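The signal peptide feature in TrEMBL is assigned to 1-16. Residues annotated as domain 'GH16' in TrEMBL: 13-207. Look at TrEMBL and you will find GLU93 tagged as active site, nucleophile. Annotation source TrEMBL lists active site, proton donor at GLU97. Feature annotation from TrEMBL assigns N-linked glycosylation site to ASN101.
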Amino acid sequence: MSVSALLLSFFMVASASNFYQDFNIIWGNNQTQILNNGELLTLSLDNSSGSGIQSKAAFLFGKIVMQIKLVPNNSSGTVTTYYLTSQGQYWDEIDFEFLGNLSGQPYIVHTNVITQGKGNREEQFYLWFDPTADFHNYTFVWNPQYILFSVDGIPIRVFKNLESSGVPYPNKQFMKLCSTIWNGDVWATEGGRIKIDWSEAPFTASFRNFNTYPCVTSSGSSCSSNSPSSPSNNNTAWYSQDLDSTSQAKMKWVHDNYRIYNYCTDTKRFPNGFPAECTATNSS
């Protein structure tokens, strides 16, 4: 039986996530609060420490959804993250990073894909709303065909499986989900020009409604999937779905209006030619 067939054969309904039950605190105990019977998480940063959590379960492919409300007011120099990562020297990683800024200036959404320890695949975006005023949905779809980043259901980036063109793709290592907040003022805001104003601390980001539609391994267990609320979707739609014309049009709208950096167009960074995925129609 193929790996794909084996994974699909184990899909079943799983319960909704609870931060108490499903995550470990990896640092900053005093800066981490789990509230409302495990339904709400806050991570804080001050000049003594940042904070972070990591899922107990590891995933091989999945649809991962989190609602996040980012640090309000002057968040310059802070980095709030939400990402999947494996372990080891040749790790895989899929990143959402939110780069703070001065009050009234837009947050930058920084995305990256690392395969076998190699990254340098950054794309950056502004958002079309204030991400500090309320919670918004941030979603990874990671399947054998592509990795899709979405915000409130609007696709912002796709990284396709181009192994046939010699581009490594994360499809062999299980990854855990992490969320953190930390001091990134050496680079996060205007290239490090604007530092953290510690008089504004603590800086707090909030997380809720974490949902997974994953393949999971934990102590030898197999794959499982949450059942989406919409009856028009089936449990495994994310695993094989293609980007339809509507999704492609939405992503083009984001790229035309809100994408502010694309490594595949950075000639100064790649004077000897772009990475292989850039010339294999991976990025639009």
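Placed from the backbone N, Cα and C atoms, the Cβ positions cover glycine too.
Curation plays no part in TrEMBL annotations; they are all automatic predictions.
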Whole-number Å value for how far GLU93 (active site, nucleophile) lies from ASN101 (N-linked glycosylation site) (Cα to Cα): 25
For GLU93 (active site, nucleophile), the number of other Cβ atoms found within 10 Å of its own Cβ: 18
PLDDT averaged over every residue in the domain 'GH16' (13-207): 95
Nonlocal residues around GLU97 (active site, proton donor), in sequence order (Cβ under 8 Å, 6 or more apart): VAL79, THR80, THR81, TYR82, TYR83, VAL109, HIS110, THR111, ASN112
Other C-beta atoms that fall within 10 angstroms of the C-beta of ASN101 (N-linked glycosylation site): 20
